[in-house]
Amino acid sequence: MPELPEVEVTRLGLLRKLKNKKCTGAVVRETRFRKPLRADLEELLFNQTLQDIKRRGKYLIWLFDRSALVTHLGMSGSMRVYLQADVEVQKHDHLDLIFGDLIMRYHDPRRFGFVAYFPDKESAFAMPELQRLGVEPLSEDFNSKFFYGALRQTSLPIKTSLIRGDIVVGVGNIYCSESLFLAGIHPKTKSNRISKKRVSALTDAVKEVLQSSIELGGSTLRDFVSAEGQSGYYTLNNNVYGREGQPCKKCGTLIKKVQIDGRSTFYCPHCQH
């Protein structure tokens, strides 16, 4: 599933290619998604300029002259930009947004993502899913004082508090394991039992891991590619995720895997406590 770094990599790639270009058409091949796709999207967006693309968590907000789109990649989605002359339609290519000689193609084998139209920018940002999100992990709002205060309110395992999205958004399964390893915190530690000093270390670790992944193009698991069609390389640097039974890069202890809330979580039993 694309997480915050993959969505941010997608956003940056789309902006490099499409910012300030006019939408000259749209081709809708499938409307059945988590939220139904408007079949009349071409009429709604025609001749509007794409001014910007913002991100909230794993959602992208496309800001046009008068209207907006909110998109989510779901479990298997990707958005790539092609030259019109260079591309043939493949299976699971559900939507094209046309910008002159360029096409943004939305590909989603499992169709758990969506592209939602809003008549104005205000209603897009007021979308209920966006209102429920926690703070952005790479923003100044996500700091050790805020994080410590939020964690004091719950006895859930720290892995659960990180991944739920109501405190901080976009720290997906890979990045939870990697951040907890850097901070030296066992994933089952109760959130309200973590000291201020260790919360500060975890805050820094989350920022470091996410920023590093963005710089490396995200993590490629199954279907994710960037807007330019590139795979991500962050998983090549994983310290613990996906490395069960392999030696810890710090101490040599074998990495273990545990299920927390139905998700595989990886940790070093020596370095994390």
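Cβ coordinates are placed from backbone N, Cα and C, and glycine is handled just like the others.
Mean pLDDT for the domain 'Formamidopyrimidine-DNA glycosylase catalytic' (2-113) in the predicted structure: 95. The domain 'Formamidopyrimidine-DNA glycosylase catalytic' annotation in TrEMBL covers 2-113.
DSSP assigns PRO2 (active site, schiff-base intermediate with DNA) to coil in the three-state reduction, placing it in neither a helix nor a strand. Among the features that TrEMBL reports, active site, schiff-base intermediate with DNA is placed at PRO2.
The Cβ of GLU3 (active site, proton donor) has 25 other Cβ atoms within 10 Å, all protein chains considered. The annotation active site, proton donor is assigned in TrEMBL to GLU3 (among others).
Look at TrEMBL and you will find LYS58 (among others) tagged as active site, proton donor. DSSP gives LYS58 (active site, proton donor) a coil state; it is part of no helix or strand. Its Cβ taken as reference, LYS58 (active site, proton donor) is surrounded by 24 other Cβ atoms within 10 Å in the chains shown.
Here HIS92 (DNA binding site) comes close to HIS107, ASP108, PRO109: these same-chain residues lie at least six apart in sequence, with C-beta atoms under 8 angstroms from its C-beta. If you look up TrEMBL, you'll see HIS92, ARG110 marked as DNA binding site.
Remote same-chain residues near the domain 'FPG-type' (239-273) are listed as 157, 159-160, 163, 173-174, 176-178, 180-182, 184-189 (criterion: CB distance under 8 Å, separation of at least six residues from the stretch ends). Annotated domain 'FPG-type' per TrEMBL: 239-273, in sequence order.
For ARG263 (active site, proton donor), the same-chain residues lying six or more positions away in sequence with a CB closer than 8 A to its CB are ILE163, ASN173. Per TrEMBL, the feature active site, proton donor maps to ARG263 (among others).
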Quick one: Cα separation, GLU3 (active site, proton donor) versus ARG110 (DNA binding site), in Å? 16
Counting Cβ atoms within 10 Å across all protein chains shown, which of the recorded positions PRO2, ARG110 comes out on top? PRO2
Cα-Cα separation of LYS58 (active site, proton donor) and ARG110 (DNA binding site), in Å? 17
